[in-house]
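*Asks:* Just dropping this structure here.
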Amino acid sequence: MMISIFSLLASTAILVFANGQSNVKLEFVQAMWRHGERASQVDQYPIYEKDWIYGGGGLGELTAIGMGEMNELGWLIRKRYVTKLKFLTPKYASREVYFRSTNFNRTIISAQSLLYGLFPPSLYDVKNVDYPYSPLTWFPGFTFVPVHVDGPDQCAASQNCPCTRYDLLQGQMLTLPEVLPKYTQVVLLNRRVGGYYNMTSGLDSFTTYPDTWKCQRAYFNRTMYAKLPWYNEELYYQAQVTYAPVKGFLEGNFENPAVTSSGLDVGLEIKKVRSGVIINEVFNRANEKLNCAELGQNCTSYLNKLKFYGYSIHDNNVYGVLVALGIPQIANTLDGWPAYAAGIFMEFHRNTSTNERFFKVLYREGDDTPISDVTSQLPICNGATLCPLGALQTLAETLKPLPDITTLCKTPL
C-alpha cells in the first residue's frame, strides 16, 4: 500500500511538472557569433598582403574556409529552430528575422554565409514570389536576406566607439596585484619575439604576432618554418597562453576582486563600458518582446512577429558577453577568446498560463561543435536550466552605463 501511494504521488508530480513545462513557450531568440576564419590583419614577415588571396584577397578578409564555417553554423541554427522546434518558418520571412553586423567585410560576409545555411535554396521558395524565375541567370530558390550594418555610433555590438574611460581603466588595471605579473610576462615575450624579427624599437608594444601567427600557420605553415628558423609549436603555444589572461583583463575577467586601493572596482567598470550596452540592449528587446507576446494581437510593436535577432560580430565582443554572464571559461581556447564561428544563443520563454518569464543560454564553441545548453553554468541562474528573466534584468541593471555610454565614456575615473 505504501509503495502504491508513493507511486501515485510520483506519477502526479511528473504529470504536474509536464503540464507546467508544456505551458512554457519559446517566444524569442537573440544570437551573436564570431565571424569565420580570416586572413591576418597585418603584414608580418614572411607573409604579406599580396599572399592573402583567399575570399577576395586582402588583410583581415574572410577566407573560403571561414565562409564554410559560417554556413555550417547557419545549418545548425536551421536544424534547431526550423526543423526541431518548428520556431522559424522554413524560408526567409522578413518580419521574423533581423540581422546586424559590424562594418567589416568579414562580419558582413560571415552573416551572409550563415544565412545561406539558415535559408538555403529549397522547394519552400516559390518562383516569381521569393526569387525571379530566370533559370539561366538565377540559381533556383536562391533568395537574399538583408544584413544591417552598424554605424559608427552603434556601440552595442562593435565596442569600437571611442571611450576615454576605458583607456583610463586599463591604466588602473596595472595597479592590481593580479595583473602586473601577467603584463610583465607579455612584455618580456614581446621583447624576445621582437628581437627575432630584428626590431630595434617598439618591442614592448609589439602585440600583433600571436594573432598573426594563428592566421599564418593555417595557410603558410611550411613557409613559416622555412623562413623563421626560431619559430616552433612550443613558441606558438607560449604566445597564446601568455596573452590569454591579459585578453581576459581587457574585458573585465579577473580571478580575484579587481578593486584598487582607492576603492574603484575595475572589473565592474570595464564590463559597463565593454559589455554593458549589448547586455542591456538584449534584455530590453527581450522584455519588450515578451510584453508584446502577452498582449497578443493587441501588440502593435515591430517585435510582434519578430522571432530571431542576430549579431555578426568579433571574438572580443562575444567574449565580453561571456564574461558578463559569468562563463568566460566555456570559450575553451588557448588564447581565451572564442574560436571562429563560435556563438551565443539566448532563448526567451514565457509561461502562457502565468506569464512567468525565463531565459536559456546556449553556446557553440566553434567549427565542428554542436550548440549546447549552458544555462545551468551561469552563476546568476543558480543551477537552473530555465532561468528567471529577473536574473538577467538584475545583471543588466548592474552593468548599465549611466547615464548613457557616450557620457560615461567621457567621464573621468
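For all residues, glycine too, the Cβ spot is worked out from N, Cα and C.
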*Asks:* Which residue in the list CYS387, CYS409 does Swiss-Prot annotate as forming a disulfide bond with CYS381?
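*Replies:* Out of the candidates CYS387, CYS409, the one Swiss-Prot links to CYS381 is CYS387.
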*Asks:* Using Cβ-Cβ distances, find the residues under 8 Å from ASP315 (active site, proton donor) that belong to the same chain and are at least 6 apart in sequence, listing them in sequence order.
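*Replies:* Long-range Cβ contacts: ARG34, TRP337, PRO338, ALA339, ALA342.
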*Asks:* In three-state terms from DSSP, label HIS35 (active site, nucleophile) for me.
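*Replies:* The residue in question, HIS35 (active site, nucleophile), is coil (DSSP, three-state).
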*Asks:* Any idea what the Cα distance is from CYS381 (disulfide bond) over to HIS35 (active site, nucleophile), rounded to a whole Å?
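*Replies:* Here the two Cα atoms lie 28 Å apart.
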